[in-house]
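**Student:** Please find one structure pasted underneath; my questions will follow.
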Amino acid sequence: MAVKYDEQQKIFHIFSKNTSYVTGIVREKYLTHLYWGKRIREYHGSRSIVWKDRGFAPNPDDTDRTFSLDTLPQEYPQTGNGDFRSCAYGIRQENGSRISNLEYAGYEIVDGKEGLPGLPASFGRDDQVQTLYIHMKDPAAGLKVRLAYSVFYEADVITRSVVFENASGEPLTLTKMLSMSVDFREDDFHVLTLYGAHNNERNMDRRPLTSGMVSIESLRGTSSPQQSPFMALLRKDAGEYQGDVYGASFVYSGNFVASAQVDPYRNVRFQMGMNPLNGDWYLKPGETFYTPEVVMVYSDHGLMEMSHIYHEFYQNHLVRSSFAKKPRPVLINNWEATYFDFNEEKLLSLAKKAADAGIELFVLDDGWFGHRDSDTSSLGDWVTDLRKLPHGLGQLSEKIHAMGMEFGLWVEPEMISPDSQLYREHPDYVLHTPGRPCTLGRGQLVLDLSRKEVCDYVVESMARVFKEGHVDYVKWDMNRHLTDVGSAYFPPQQQGEITHRYVLGLYDIMERLTAMFPQVLFESCSSGGGRFDAGMLYYMPQTWCSDNTDAICRMKIQYSTSLVFPPVTMGAHVSVTPNHQTGRVTPLSTRGYVAMSGNLGYELDLEKLTSQELEEIKEQIAFYKSIRNTIQLGMLYRNENPFESNTVSWNFVSKDGHGAVAFFVEVLSPAAAPVRILKLKGLDPDALYKNTKDGCVYGGDELMYTGLSMPLKKQDFRGECYHFIKM
Ligand code: DGJ
């Protein structure tokens, strides 16, 4: 049992291995939040609500001025009747009223967890997860709301989502429908978010909460590189390995909002869900609306433990692909090697070099279809360009397979170029608002995935290409954000639904294609890590982490991405120097170490390398194959934070504890350089470990507490790597 209802106190105690979450019913109808934090055995009314008459706080019961929704810690707050803080949901009735007031209406506790129709969601067996449904109703509006809390006891995770049902006789518009709202009765927090841009995704931003609201969002139609759908509240003393951390990660790939609002009495409202701006939903009588879910993690051992919980949970309870627990192949991708300028001969000689180096998967990137010699044409025309590949995709794939490699293909199925056959035949397939011009992005337009026939077109054309190319791997790209959002196929009152319908259309396409091609390894991409979110991971077990392949930038991007996502979900490639994004020249060894910290790939013209460089790459690949289980399926420990220092270090420990790999990178070579010490984490202190390179033996305790002295080198961007085997 992970949920208990105490009839006498009228409280629900939800608990996992190390976490308790308590919510209760006050005055028969209000659902109040009581506690989220370290596990307690039982709740006996501690941290009771202190009732107080506060100025300007309205009173629903005029006999008691101490009771106000404005000061009540709420579980799913409404708007319009006295709570002036950020509401969790909003409605508009046909009569124009926007007021709503939910009352408690019962509960159910069930073993297991239902899926969310049309949406990605975590899953678990009946003996792994238990769900509490709290039923609420607003009789005046005829609205029913079901709050779902699923508790994964061992995984130490609670998920939340909401279902709205229009039980009235007339339509109702949902104007806001968040998935999570938690009222903390304290404000001693920092807030941590991940912001960025194309080529510079997921920078860590940690700032104290003061007054007012910290809010992040995406209105771009995808989760976006600008803000990641993740927010954590941290105690001020919390760090990687100590202190209270409360994480919220959204299983959704579209517009979102996350916020932390401090009220005048130093309480904090922590919320996450779909972005209400341009995102309402018209609910006809009898219809329901499901929100995506939020995955909530509490840890009292800092960010690293929070990350471990997310990593394990996403690998075990979110990624559906059969690749979730399989080692991923070392790949070569021709993008930075050739861009659009290639032919079959060039690809085959690149592939031959790759196969000789030990590479296992050849990925043909953009430019193989239509007449696409630049990014200005052909999206939507998924037909092989016979000028470049005169023998067709099938034959190219056959030749790659004959070299002993798998064959992978790049596609960008959600898009359409104005210069395409598809556009000439179906201009109406474009996402657009009738009567307004369409805005181009990267010279392309977006398909209207809110329409079933457009989704069908995408599924059919992709299925044909995947079959023709006998593909083992697909890189699914998405290179612009949504503008001019609207659809001629929905009535005016449903135009606010189109952004979400786009995401639902995308999920439907991915659902169908991943079911048709279960043997294919899908890698999601949006100009790199522009849509690196838990929603995409449900369908596609890895993501191209960033278009920025510069090792020094990548250290940071991969470090912060690992706050939520495990290294096995991150595509990481060695590319040429000077680097195409930054112009920086870094040692090949350092580029290798950073890329080896995720799913290793190469993205450069192997034919232009010296024999010495090729030899080094061969060695990297052989070495990576010997450690890849530890990297991809083991545990990551972050040691030195590149956002705070000139160095980064992290290490991996295999699940069986047998192998450990540590990486260290120093960015700039300092004058009067201090000797840096590398301390590993996660080892068995009582065991002995042998360095596979020089045979030296150390105790696990030594490696963790005494540490290793890093050699002094007068070299910028230098890296070191150590591989240990437990004796
Ligand atoms: C953006 C991707 O992130 C790149 O890796 C590459 O696939 C290009 N698109 C191709 O257009």
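Cβ atoms are placed via backbone N, Cα and C, with glycine included.
Dumping what TrEMBL says about this protein:
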type: DOMAIN; residues: 30-284; note: domain 'Glycosyl hydrolase family 36 N-terminal'
type: ACT_SITE; residues: Asp477; note: active site, nucleophile
type: ACT_SITE; residues: Asp547; note: active site, proton donor
type: DOMAIN; residues: 648-724; note: domain 'Glycosyl hydrolase family 36 C-terminal'
**Student:** Using C-alpha atoms only, work out the spacing between the residue listed as 'active site, proton donor' and Asp477 (active site, nucleophile) and round it to an integer in Å.
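**Tutor:** Cα of the residue listed as 'active site, proton donor' to Cα of Asp477 (active site, nucleophile) measures 11 Å after rounding.
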**Student:** Test of understanding: give the count of other CB atoms lying within 10 angstroms of the CB of the residue listed as 'active site, nucleophile'.
**Tutor:** 23
**Student:** What's the number of neighbouring CB atoms sitting within 10 A of the CB on Asp547 (active site, proton donor)?
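**Tutor:** So the Cβ neighbour count for Asp547 (active site, proton donor) comes to 21.
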**Student:** Over the span of the domain 'Glycosyl hydrolase family 36 C-terminal' (648-724), how high is the average pLDDT in this prediction?
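**Tutor:** Across the domain 'Glycosyl hydrolase family 36 C-terminal' (648-724), the average pLDDT comes out at 97.
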**Student:** What three-state secondary structure does DSSP assign to the residue listed as 'active site, nucleophile'?
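**Tutor:** Assignment for the residue listed as 'active site, nucleophile' reads coil.
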**Student:** According to DSSP, how is the domain 'Glycosyl hydrolase family 36 C-terminal' (648-724) divided among helix, strand and coil residues?
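**Tutor:** For the domain 'Glycosyl hydrolase family 36 C-terminal' (648-724), the helix, strand and coil counts are 7 helix, 32 strand, 38 coil.
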